[in-house]
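K.L.:
Below are the features listed in TrEMBL for this protein:
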type     : residues : note
SIGNAL   : 1-18     : signal peptide
DOMAIN   : 30-218   : domain 'GH11'
ACT_SITE : Glu114   : active site, nucleophile
ACT_SITE : Glu205   : active site, proton donor
Amino acid sequence: MVKLALLTTSLLTSGALTSPVSNPNRPPSRDISPRQWGGGGYYFQNWSEGGSNVRCVNGPGGQFSATWNSKGGFVCGKGWSAGGARVITYSGTYNATGPGYLAVYGWTRNPLIEYYIIEAHAELSPNEPWTYMGNFSSPEGDYDIYTSWRINKPSIEGTRTFQQFWSVRKEQRVSGTVTTQRHFDEWAKLGMRLGRHDYVVMAVEGYTADGGWGSAGEATITVQ
């Protein structure tokens, strides 16, 4: 278990939270459905499994909130039904313990790829190995890049085997801008090719690591 870590738009301490080691692991994936519309053209994501005690609230415009004390997995977020090259600006609070992320989260088809751009996280204590691919710097921050595989697991196309792409921000934050094309370009340089974009959301995710107690916390995020 890690200490309760609070990140807000007004308090960000450089180096206060560490980035993952070069061989972290990853929790089980899930079928991210059903889909919901959040009003104002936004797509709202609310999914949970495994007896999760999660409250995910669709707020006005690009705002959503979540509170959880979960022995299971969940994804709560807001974004767009079509991903691709987007400039995503977000702000809010993220206060969590246990395994979980605040991330830009999306899928592509053909090939089927599940991808994350992790902006903040609580504990990184997942169940499957990541492969470190490299790192890059941009005006928006410094990121480490990883890949991983899911074998015969739920996806947006049912039970499938698919790859996961990860960018993990070295200095965590809960306010800023993510230009997704920057990450797509850096992944492509490493042979990490995306397919046709499906939805993308700014999401809060929590889960239970093997033998773990689960996760808990609260978040309020607005995207635009």
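Just so you know, glycine gets a Cβ as well, placed from its N, Cα and C.
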K.L.:
Report, as a single number, how many Cβ atoms besides its own are within 10 Å of the Cβ of the residue listed as 'active site, proton donor'.
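P.N.:
Around the Cβ of the residue listed as 'active site, proton donor', 26 other Cβ atoms lie within 10 Å.
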K.L.:
Would you count the other C-beta atoms found within 10 angstroms of the C-beta of Glu114 (active site, nucleophile) for me?
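P.N.:
So the Cβ neighbour count for Glu114 (active site, nucleophile) comes to 23.
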K.L.:
Rounded to an integer, what is the Cα-Cα distance in Å between Glu114 (active site, nucleophile) and Glu205 (active site, proton donor)?
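P.N.:
One finds 14 Å between the Cα atoms of these residues.
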